[in-house]
Every structure is written in structure tokens, then in C-alpha cells.
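Student: Quick one: this structure, given as C-alpha cells, is what I'll be asking you about.
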Amino acid sequence: MSKIGVIGAGTMGQGIAQAFAAAGNQVTVCDIKIEWAQNGINKIGAKLDKLVSRGKIAEDAANSIKANLTAGESDYSGLADVDFVVEAVLEQVKVKQDLFKTLDGICKDSTIFCSNTSSLSITEIANGVKHEVIGMHFFNPADRMKLIEVIRGGATKDETVQAVKELSEQIGKTPVEVNEAPGFVVNRILVPMINEGVFVLQEGVASAKDIDTAMKLGANHPMGPLELGDLIGLDIVLDVMDVLYNETGDSKYRACTLLRKMVRAGKLGRKTGEGFYKYN
Ligand SMILES: NC(=O)c1ccc[n+]([C@@H]2O[C@H](COP(=O)([O-])OP(=O)(O)OC[C@H]3O[C@@H](n4cnc5c(N)ncnc54)[C@H](O)[C@@H]3O)[C@@H](O)[C@H]2O)c1
């Protein structure tokens, strides 16, 4: 079992903390304020209570997951002896770099710093950081999705890759090793497909519902591209397209204008109540 620090108690941080705690690791969760970290832990607890009441998980198991979660002070003083830190804070290079530089002065020398970034360069995040830095890219919902993309930065050592692959397996996930590249593997393939679905809609080829039905029944996808875009968040879909386009300069990654218009109109999908579909 390892001691883990999870920084950022939002959507991803909660799922990541839960995944580590469920596998018996001791997890300290930090955020900008300790109350926010505690709030994230409370949300994990509420989710577990719901699973217990539906008979999906035993009460003992839920209690031991809860017992493995602690809220840490926002000065990260509780992370001095953790083996791994996984950050899931704002998707900005400077924020992640500054965080890791602060942790350089707090964590023991052997601590491995992992970033859950969906699109940023690990090499750039690691620039000026003394500890080993690597990408550990979870998928949403992180407590349930099985894949972890383990991303090497320019200076990542082989033994660091190995340690993070073993950690991924210890929590019941399947790691795939990925070299640094825009969008890594999953987002490089998945997000342009969603963008293409939006082009098909914009060109009037078919209705949103028929595009989704076509891909579900014709390609055996569990969700159609437009409903999946609504679930991920259309702002995130647009961000990934822009990263792919800006990093490569390749026009095949240009974002569909309808996607950009919807984001500008605040129609971001499920989280705002409207995207390609309406939600209550
Ligand atoms: N949402 C997804 O589907 C998804 C999937 C994979 C990876 N990611 C990546 O995970 C990261 C977090 O995404 P999210 O969706 O959980 O975001 P979120 O907005 O739900 O949560 C971010 C959390 O980080 C905290 N935070 C921000 N700056 C901080 C700082 N300097 N120090 C400590 N805490 C700070 C915020 O208070 C918030 O609680 C991003 O890098 C994102 O690209 C997101």
C-alpha cells in the first residue's frame, strides 16, 4: 500500500482519491482551502452511501474507503511523506508548475509527481521541478474507468514509468504507456470524431438523434458522438481540438464552427442543462 497525495478535490480529484482509497491506499486530499478538500471527501462519502443503499457495495467496504481519506492543509504540510502526488488542479501549465515547485520543498526526495493533465506537455510542466514528473491520465469517472495513460515527459526515467504502471495496476486499472504527444492516444482519436459528428450536424446530413443512433447501431459505440460531447462538456471538447490544432498546425484538427458557437453561447452540454440535447 502507498501513501498518496491528491491535489484538487473537483470532478477528477474526487474520483482519483476514491480509486486509490478503495484499493487500500492512504490518501490525503488537498485543495486551495482545507474546507474544499473536506467538501470533496464528503461528496465521495455521499456517493458511497448511495451505493450502499442500492446494495451495490457493502457498508463495511464503504466505511473502509472513507477511513482511508483525509483532508490535508492547503500548505501541503500533510504531504511530506507521501510516495506519489497526483495533481488534478486547473488545466494551466503555470498553475501545475508552481504547485510542483512548492511540493519540491515539502515532499521526500523519492516522491513521484504525477499530473492528470488532459492535454498539456509533461516536459513543460516538469521544467524547473526537481522531483520526477510523469503523466498519469485518468478518465472520467475516475473511480470506474479502467484506463490510465502513463505519459513520459522528456526527462522521465524508465523506473518512474514502471512505478506508475505498477501503481495503476494496484488500483485495478490498466495502464498504457504513451509518449508525449498532443491529445495522447484517447483524446487524439476520440475528440476529432466528436468534432466530425458536429460537422455532420452542421452540414444538415442528419439530425443529432440520427447521428447518435447511426454510430451506436452502425459502429457499435455505447454512446453517439454528440451525446458523448454533451457528457464530456463541449468546452473541454473545444479546448482539446484547439490544442491539437495549435500544436500540429494541421487543418484536419480545426474545430467545427458550430461547436465554437455553442461554447460561446454557454451551451456546454449536461453541466449547463443544454448542448446538442436539453437536460432537466
Ligand atoms: N473532467 C474531465 O473529464 C477530465 C478528464 C481527465 C483529466 N482531466 C484533467 O484533470 C484536471 C482537473 O479537472 P477537473 O475536471 O477535475 O476540474 P475541476 O474544476 O472539477 O476541479 C479542479 C479542482 O482543483 C482545485 N484547484 C485549482 N487550482 C488549485 C491549486 N493551485 N491548488 C490546489 N487546488 C487547486 C479547484 O479548487 C477544484 O476543486 C485538469 O487538468 C483536467 O484537464 C479532466
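Cβ coordinates are placed from backbone N, Cα and C, and glycine is handled just like the others.
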Student: Pick from ASN42, ASN68, ASN127, ASN140: which one does TrEMBL list with GLY8, ALA9, GLY10, THR11, MET12, GLY13, ASP31, GLU91, LYS96, SER118, LYS271 for the same NAD(+) site?
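Tutor: Candidate in the recorded NAD(+) site: ASN140.
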Student: Please state whether DSSP places ASN140 (NAD(+) binding site) in a helix, a strand or coil.
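Tutor: Note: ASN140 (NAD(+) binding site) is coil by DSSP, not helix or strand.
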Student: Return the count of C-beta atoms lying within 10 angstroms of the C-beta of HIS137 (site 'Important for catalytic activity'), excluding that atom itself.
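Tutor: Other Cβ atoms within 10 Å of HIS137 (site 'Important for catalytic activity'): 25.
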Student: Across all protein chains in the structure, which of the binding-site residues GLY8, GLY10 has the highest Cβ count within 10 Å?
Tutor: GLY8
Student: Which is it, of MET12, ASP31, LYS96, ASN140: the one of these binding-site residues whose Cβ has the most other Cβ atoms within 10 Å?
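Tutor: Neighbour-count leader: LYS96.
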Student: So which of GLY10, MET12, LYS96, ASN140, listed as binding-site residues, have a Cβ under 6 Å from an atom of ligand 1?
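Tutor: Among the binding-site residues listed, those whose Cβ sits under 6 Å from ligand 1 are GLY10, MET12, ASN140.
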